[in-house]
Amino acid sequence: MGTFCSVIKFENLQELKRLCHWGPIIALGVIAICSTMAMIDSVLWYWPLHTTGGSVNFIMLINWTVMILYNYFNAMFVGPGFVPLGWKPEISQDTMYLQYCKVCQAYKAPRSHHCRKCNRCVMKMDHHCPWINNCCGYQNHASFTLFLLLAPLGCIHAAFIFVMTMYTQLYHRLSFGWNTVKIDMSAARRDPLPIVPFGLAAFATTLFALGLALGTTIAVGMLFFIQMKIILRNKTSIESWIEEKAKDRIQYYQLDEVFVFPYDMGSRWRNFKQVFTWSGVPEGDGLEWPVREGCHQYSLTIEQLKQKADKRVRSVRYKVIEDYSGACCPLNKGIKTFFTSPCTEEPRIQLQKGEFILATRGLRYWLYGDKILDDSFIEGVSRIRGWFPRKCVEKCPCDAETDQAPEGEKKNR
């Protein structure tokens, strides 16, 4: 694909810091172990280079490694593309259809979302991937998806090498008996014997690499199918969630309207071409998008504003009655709170007695919300939001009516 024609560019050397994270360290470690062991097993014990098949096999292994690493680093260092700081639409009246990001001090372009990890508004944000320590979005979606495709394919090849190496070295002969047909693989062994014997250490290492290869094939293969489903529908993971909430909002308030997702062009091929191009550069500029008939540039952002307003209506005000340090699994808040801590990268927030929180969602023993600050609406002041134990707060009696919208508001929505 055209992704291979693109050039990895470093805006600055700070991008190299993305490698100093557990995600890339594990990912690159798995790639290194599987590719290195596949080459060693092939050359020493299974398919020697002096045979035609062995040479072709070795070249294919190198090719898999190069393509996997290229798309991996492309996805990591090219990045998703960020909305320019201070961005606003050309027509000033259009700002009424957009949300404002206080951190970036810019309006959120259609399909963009603010990432807490990257601390920027990301174009066509799908998710923040810990394995590349970057977001998956507009500019790197193709490279990321190709990596998800190539990694399982390379691991399947490597797994075949591992299995055949262990089989031929342990049994010295491989035969399939179908009536009178026999396939003799004994020629795959070195004659004379290899310089390095296939001992216990080699067997254990090959078996470990086989486990990594099979696990990667299953896990990354599933992620590839999820991403292809997203691409063919031209709908990111976040946008799928927005669409579901739109349907819930319409059903909850019994509205006489239908939400139509604006970016699905009605053709899987047209949706596919927006991400994968021969030039390696995705269609558009990441700020404006082609939409289906009957929709416009702000169809989705208007729905987001409606959901945000609905979120404020449904939010509940709480007062902090116990201090909370912000620990991930606080044992001093009870055993149930400790073991039911949310499995998410979303932050926990410190609480001090007397503070007020506006909770928007929650679990049985945990709540998620924003601290109510006097200067929370001043431009440039970041919101303080995250998870906290439910037992640390109590509902404010005067705000009990905010648990659900008044009937009058439901009719007006």
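Here the Cβ of each residue, glycine as well, is placed from N, Cα and C on the backbone.
Both Gly137 and Leu367 are recorded in Swiss-Prot on the same side of the membrane.
Between Cys20, Cys135, Cys328, Cys398, the residue that has S-palmitoyl cysteine written against it in Swiss-Prot is Cys328. The candidates are Cys129, Cys329; Swiss-Prot tags Cys329 with the feature S-palmitoyl cysteine.
Looking up Cys115, Cys343 in Swiss-Prot shows the S-palmitoyl cysteine annotation sitting on Cys343. When Cβ-Cβ distances under 8 Å to the transmembrane segment (58-78) are tallied for each of 25-45, 144-164, 206-226, the top count falls to 144-164. In the three-state DSSP scheme, Cys343 (S-palmitoyl cysteine) is classed as coil. Here the topological domain 'Cytoplasmic' (79-143) has, by DSSP, the following mix of helix, strand and coil residues: 9 helix, 17 strand, 39 coil. Under a cutoff of 8 A between CB atoms, and with a sequence separation of 6+ in the same chain, Cys343 (S-palmitoyl cysteine) has no neighbours.
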